[in-house]
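Annotated in TrEMBL:
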ACT_SITE  LYS102  active site, proton donor
BINDING   LYS66, LYS90, SER344  substrate binding site
BINDING   THR185, ASN216  NAD(+) binding site
SITE      ASP142  site 'Important for catalysis'
Amino acid sequence: MNALAATNRNFRLASRLLGLDSKLEKSLLIPFREIKVECTIPKDDGTIASFVGFRVQHDNARGPMKGGIRYHPEVEPDEVNALAQLMTWKTAVAKIPYGGAKGGIGCDPSKLSVSELERLTRVFTQKIHDLIGIHTDVPAPDMGTGPQTMAWILDEYSKFHGYSPAVVTGKPIDLGGSLGRDAATGRGVMFGTEALLNEHGKSISGQRFVIQGFGNVGSWAAKLISEQGGKIVAVSDITGAIKNKDGIDIESLLNYTKEHRGVKGFDGAHPIDANSILVEDCDILIPAALGGVINRENANEIKAKFIIEAANHPTDPDADEILSKKGVVILPDIYANGGGVTVSYFEWVQNIQGFMWEEEKVNDELKTYMNRGFKDMKEMCKTHSCDLRMGAFTLGVNRVARATVLRGWGA
């Protein structure tokens, strides 16, 4: 089942639990707007290249739409639709005043020079500048993009609308980016893990963790969890996988990966088959890479008692059923990886106020939001006698449905 089918399925299950009528259900599912534009640029060698840019704006009942812009060669429309929809529910679960969006450009950023990427970003912004905005749709970085991409979008947008730092989040600090944003998703994963374990009378300290993916989210989660006394026994990234049953020294690994651009060859652990990372013996598994990695083929082999979904849609519905029967507790993506969009919201608030916060305030507020989100999700679990995934979906869908009806859009 692809990401869109799985997301639609979870939405419909939540809708039935909430007793939404079919008309309202349909209006919540259909995207507000889908944008597709041609972006033509001169390349450094003088040739002309064309790329397709897109933006799916899913829902704006609760506020401006929010979501990442990715640069990737295989931009799959269904996946983008699914991720835009997930952002709608994710922002509602976090109780921040946004809707959901997602977008990007079908390109391979590794094959473009910095100046070509800048030209491409500026042309894309020219094509969509009247469809995004501080109170309309606020983009952020995603796969293949980063703070520099956001800086180019901000500059190009400002040529049309005046200086507008709040039009994008995930910016460089010098252009109004927020302190703590870089670590935010990983820190949110740590706070969510802490809340879940506390519920089960446990703490992070002494638990054995396996982390699939050692990019921004996985590496920050590993660093913060190890600082809390968690033992990271195995880690993988695109270069390979490593294991040390006594615990990997995360500080040393972070220094190693900065220099060698991957975990492969790190001498503080031994190499293992990257395909076996998800089924390694541990207490807590954190998939922090791609979607659909936990499926019916490997679900029965998973030894973890808890799964924290740091990636978007890492567990497909078949695996959900198998793991549920095994008694594995899954902390769902629309709650677990919400730290990033929550601190993006803080950045947007700081830009609108023109008043920047200290990092300690950012981290304290994030903890408050993550703890409140967990409590609200658990309340929905009790109300509807459901698991955490349905608790999160019913929470998010209910908040969006109520806003839709209150605005008179549900008729």
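Numbers run from 1 along the shown chain.
Any Cβ shown, glycine's included, is placed from N, Cα and C.
Just so you know, TrEMBL annotations never went through curation; they're auto-generated.
Projection of TrEMBL feature records onto the structure.
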{"residue": "LYS66", "record": "substrate binding site", "Cβ neighbours (10 Å)": "29"}
{"residue": "LYS90", "record": "substrate binding site", "Cβ neighbours (10 Å)": "29"}
{"residue": "LYS102", "record": "active site, proton donor", "Cβ neighbours (10 Å)": "29"}
{"residue": "ASP142", "record": "site 'Important for catalysis'", "Cβ neighbours (10 Å)": "21"}
{"residue": "THR185", "record": "NAD(+) binding site", "Cβ neighbours (10 Å)": "25"}
{"residue": "ASN216", "record": "NAD(+) binding site", "Cβ neighbours (10 Å)": "17"}
{"residue": "SER344", "record": "substrate binding site", "Cβ neighbours (10 Å)": "28"}
Whole-number Å value for how far ASN216 (NAD(+) binding site) lies from LYS66 (substrate binding site) (Cα to Cα): 20
ASP142, THR185, SER344 screened against the residue listed as 'active site, proton donor', Cα within 10 Å - retained recorded positions: ASP142
Other residues, Cβ within 8 Å of LYS66, LYS90, SER344 Cβ centroid (substrate site): GLY67, MET87, THR91, ALA94, ILE96, TYR98, GLY100, ALA140, GLY338, GLY340, VAL341, THR342, TYR345
Separation of alpha carbons, THR185 (NAD(+) binding site) and SER344 (substrate binding site) (Å): 10
Alpha-carbon spacing, THR185 (NAD(+) binding site) to ASP142 (site 'Important for catalysis'), which is rounded to whole Å: 12
